[in-house]
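Trainee: Sharing a structure, written as structure tokens. Questions coming.
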């Protein structure tokens, strides 16, 4: 029964959060990506045609990774398959975001339910917001401190190295948050070093200039676009995680009401 509840709820939450994330990305992020792509050759930009760019929130293992999420680095492989511009890209973006939303929602629902059963977390809106912000910190903020969201034209370390650091950082940060929130007494302090260790080790970066563009105007434009993109990615991922946390809390409250009604019969 519980498994079915979590699966069904995560499907609905993933559709909601992933769909809203895709809509916001299309309006706030796509134009930045498309403009940055015109500078990838290091030359003057060509006119930009507004088309969607595949982007998932928190999708740490995608070739265009911004924390997910969605959302570290923007990696191009000329031999790799990529969706066609236009509707195909839009649909693949939506699919990736929805799948990420489903996976993260299932994980959050399981953790929230276990914490509620143990009496260490409630099921109210405040608890949902806290859990959502915790997910945001684990899967976006902590990795982004070492690997900020990247745009086309940036030079980055090998994709597998960035992915490994991203996964390790998210895992260690999650354990650190769990200790701070749930460990008894002084054991909470054990969570603090875990939040710092990944950044002391350091994220992998390319031994090269940040941008390959040699044109000063192109370099200045890319730097400005990068700052805009970091802001957009930070805000869209925050929205995604707040929605996930609040929606999961709503389902927990609903389950509690249903269980109470059954017990009252």
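A Cβ is built for glycine as well, from the same backbone N, Cα and C atoms used for every other residue.
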Trainee: Among 91-115, 191-215, indicate the range for which TrEMBL gives the feature transmembrane segment.
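Mentor: Checked against TrEMBL: transmembrane segment maps to 91-115.
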Trainee: Check each of the ranges 3-28, 29-54, 55-80 against TrEMBL and return the one annotated as region 'Disordered'.
Mentor: 55-80
